[in-house]
Amino acid sequence: DLSLSMKDDLDTIRNLGTKLAEEMRKLTSNFRLGFGSFVDKDISPFSYTAPRYQTNPCIGYKLFPNCVPSFGFRHLLPLTDRVDSFNEEVRKQRVSRNRDAPEGCFDAVLQAAVCKEKIGWRKDALHLLVFTTDDVPHIALDGKLGGLVQPHDGQCHLNEANEYTASNQMDYPSLALLGEKLAENNINLIFAVTKNHYMLYKNFTALIPGTTVEILDGDSKNIIQLIINAYNSIRSKVELSVWDQPEDLNLFFTATCQDGVSYPGQRKCEGLKIGDTASFEVSVEARSCPSRHTEHVFALQPVGCRDSLEVGVTYNCTCGCSVGLEPNSARCSGTGTYVCGLCECSPGYLGTRCECQDGENHSVYQNLCRDTEGKPLCSGRGDCSCNQCSCFESEFGKIYGPFCECDNFSCARNKGVLCSGHGECHCGECKCHAGYIGDNCNCSTDISTCRGRDGQICSERGHCLCGQCQCTEPGAFGEMCEKCPTCPDACSTKRDCVECPLLHSGKPDNQTCHSLCRDEVITWVDTIVKDDQEAVLCFYKTAKDCVMMFTYVELPSGKSNLTVLREPECGNTPNAMTILLAVVGSILLVGLALLAIWKLLVTIHDRREFAKFQSERSRARYEMASNPLYRKPISTHTVDFTFNKFNKSYNGTVD
């Protein structure tokens, strides 16, 4: 993917060829690699089509103002063992820019699969196609947004310059077409995608046989390890694919893997090693009888292998007993032909022995058309004629049975589908196809979805029910019950291997470390990705009270991929004086704060009281009055008396 968002990834893989070749030559002595790139269809709305963008679609983009014109797919280097040519070709590449988020990656994958001569696929080699991107793909019918209504024809359209010429003429390929062409050319597709798109491409692997998906780092630094892991996974797995299966045939698979256990409904085995044997039993069932002398052919092929088994199917729908016919047989009351134990009545006659004539009144025998006394004739779903039921026709299906008590449409449904589409309805009960159980046949007995990358079922901490792990080990959880912090599992057993290489741990020398880690592949990192769905997170306390963390992923080869922190996470040792000063300072600050709050409250209270006093004083109105206790210094008294010293009376005042 050479869209603009992959610029940092391109910088990372410029010297990929040398390192990849070194690692792959540890696995195979005959290794070749090639290179191609894609962006998207060069039409609107997928790309910038205005004239100003024709030579530089990044014009006006401040972060990266210069890039090459957009293109669909370019095959840049045929498969070769010259690693320097690969590195040189990668160094020449520059990114481009498309308009929408999805990429035209499936156009590129299909051309890489069908252009065998130009790519250089060898007939007897194992074919790996590594597809890297950081976004979602365009799929079939998306091309209609750009006016492309012609479906993809699945053919090679590379010109002399090895450029895809039908990019702006045909729609994107469908997943079915992609899977067909990959299988037809024995190509194993590896989706190397960023974590936020992992689940989308994981779902694609269920629709495209022979594909695997791996999580790509944001800058593609792990691309080599990713390819090695996918290669080991492919080499340790065998899966059967079916080609040209007739519609009227049901195929039922039973796989017997390296453990010798048979798995009904499973068509693949994983975790295989050199010398292991896997066998498959295939049962063929005819759902209907085609016309006479019809012969069908289908093929069984291991995914990614060119060998196949072609199976020819002939149908035998005639019974041997039909040779001896007895016309007008006494067993049929002389009015019918006895064939294969049954009577075929002449026109106008009815009954199991042709004993009745059409139109006769046989109401006296109608009780023979009831299952039990009191029930409706023919269960209310048929007419009673000549002591037997003739069942009505129904738009929903077939009504049948001696008393019309059965049908093939009244069984349990799942999401609106009768018997979940995995069984046949017989008289109100689902008869499940091989590989399915349950009242409505919604429960698959296929345990491949519960098998981890290490070949274990539910990590041996649970059982597989309906294709999903039900964890029984206390504390276990995860899609494969692979996570269990409280279990005495690999976290404790792998701890010695993790501790041994650490210089400060006091563990034994390198020879001992080699012995402890003989089944481990250790990668040292500065930070641990804690939300990795594929990995199990482990941590423990060291002697220095630090926390050491690591993750592990079980590989199909039986080894484990350990990702370990370079240094344990340690907190700073607290200083006693610092703690003392902090405590004393805190107490003083709290005391001062309380005093300040108290002073503030008292001041507020006093101000309120003084304001209240001032308010009452301003409202007071007093009347003028004298003090009853006050006496003036001068007083006047009036006295009435009679003075008769001289025999005179006198009235007056005395001061």
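Just so you know, glycine gets a Cβ as well, placed from its N, Cα and C.
Since the structure is predicted, the reported quantities are computational estimates derived from the model, not experimental observations.
The topological domain 'Extracellular' annotation in Swiss-Prot covers 1-575. Residues or ranges marked as Ca(2+) 1 binding site in Swiss-Prot: SER5, ASP8, ASP9, GLY218. Feature annotation from Swiss-Prot assigns Ca(2+) 2 binding site to ASP40, ASN98, ASP100, PRO102, GLU103; the stated evidence is similarity to another entry. The disulfide bond annotation in Swiss-Prot covers CYS115-CYS156, CYS257-CYS269, CYS289-CYS317, CYS345-CYS354, CYS378-CYS389, CYS391-CYS404, CYS419-CYS430, CYS443-CYS466, CYS450-CYS464, CYS458-CYS469, CYS491-CYS538, CYS497-CYS517 (among others). Residues annotated as transmembrane segment in Swiss-Prot: 576-598.
Sequence features annotated in Swiss-Prot and their locations in the structure.
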{"residue": "ASP100", "record": "Ca(2+) 2 binding site", "contacts (Cβ under 8 Å, 6+ apart)": "ASP40, PRO45, PHE46"}
{"residue": "PRO102", "record": "Ca(2+) 2 binding site", "contacts (Cβ under 8 Å, 6+ apart)": "ASP40, ASP135, VAL136, PRO137, HIS138, ASP142"}
{"residue": "GLU103", "record": "Ca(2+) 2 binding site", "contacts (Cβ under 8 Å, 6+ apart)": "ASP1, SER3, PHE38, VAL39, ASP40, THR133, ASP135, VAL136, PRO137, HIS138"}
{"residue": "CYS257", "record": "disulfide bond", "contacts (Cβ under 8 Å, 6+ apart)": "TYR263, CYS269, GLU270, GLY271, LEU272, ALA278"}
{"residue": "CYS289", "record": "disulfide bond", "contacts (Cβ under 8 Å, 6+ apart)": "TYR315, CYS317"}
{"residue": "CYS404", "record": "disulfide bond", "contacts (Cβ under 8 Å, 6+ apart)": "CYS378, SER379, GLY380, ARG381, GLY382, CYS389, CYS391, PHE392"}
{"residue": "CYS443", "record": "disulfide bond", "contacts (Cβ under 8 Å, 6+ apart)": "TYR436, ILE437, LEU465, CYS466, GLY467"}
{"residue": "CYS517", "record": "disulfide bond", "contacts (Cβ under 8 Å, 6+ apart)": "CYS497, CYS500, PRO501"}
Cβ-Cβ neighbours of CYS458 (disulfide bond) (radius 10 Å): 25
Number of other Cβ atoms within 10 Å of the Cβ of CYS317 (disulfide bond) across all protein chains: 11
Cα-to-Cα gap, CYS464 (disulfide bond) vs CYS156 (disulfide bond), nearest whole Å: 43
Nearest of the recorded positions (ASP8, ASN98, CYS430, CYS458, CYS469) to CYS538 (disulfide bond), judged by Cα-Cα distance: CYS458
Cβ within 8 Å of the mean position of the Cβ atoms of ASP40, ASN98, ASP100, PRO102, GLU103: remaining residues of the chain near Ca(2+) 2: SER3, VAL39, PHE46, SER47, ARG99, ALA101, GLY104, ASP135, HIS138
DSSP state at CYS419 (disulfide bond), helix/strand/coil: helix
PLDDT averaged over the residues of the topological domain 'Extracellular' (1-575): 82
Binding-site residues (ASP8, ASP9, ASP40), the one with most neighbouring Cβ atoms at 10 Å: ASP40
DSSP-derived class (H/G/I helix, E/B strand, else coil) of ASP9 (Ca(2+) 1 binding site): helix
Largest tally of Cβ atoms lying within 10 Å of a Cβ, found at which of the disulfide-bonded residues CYS466, CYS469: CYS469
Pairwise Cα distance for CYS430 (disulfide bond)/SER5 (Ca(2+) 1 binding site) [Å, integer]: 52
